[in-house]
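Asker: According to TrEMBL, the protein carries these features:
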- 45-64: transmembrane segment (TRANSMEM)
- 69-86: transmembrane segment (TRANSMEM)
- 98-119: transmembrane segment (TRANSMEM)
Amino acid sequence: MLAMLAVGLWAAQQQGTARWALPCTFVGTMLIGGLLGFEGLNLPALESGIAASVLALGLAVALAVRPPLALAMAATAVFALFHGVAHGLELPDMSSPWAYAVGFVAATAALHAAGYAVVRVLPKAAAPLV
């Protein structure tokens, strides 16, 4: 959950196309990873990759890093692939893979939106109170 929230926070710190490209890249690549996980693909060092994504995205947010868009999208895609495969491998027994995929994609998009709102919406809403 921290990585998904961090993608929204990081996207809100960017300018132009990157504000939408990063969350969309994450969601799309995570869905692909989920489908690969449904088929049993297991990435080496899966849990370490997820932990590294949380650390890297947290640092990117804390340092307000603005790399070139292609680099930011590539890093986001790699991180999302790890998260997607993990979701796919954890498909509950007797569950519809498509309903499960819709759920984890919707939850991820909501967490991205929440992170984005923390940076973009809340400071403006709180300004009159300060």
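In case you wondered, yes, glycine gets a Cβ from its N, Cα and C as well.
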Asker: Same chain, outside the transmembrane segment (45-64) by at least 6, Cβ under 8 Å from its Cβ: which residues?
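Answerer: Residues 2-3, 6-7, 9-10, 13, 75, 78-79, 82-83, 85-86, 89 contact the transmembrane segment (45-64) from elsewhere in the chain.
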Asker: Is the transmembrane segment (69-86) packed against any residues at least 6 beyond its ends, judged by a Cβ distance under 8 Å, and which are they?
Answerer: 3-4, 7, 14, 17-18, 21-22, 25-37, 41-43, 46-47, 49-50, 52-53, 56-57, 108
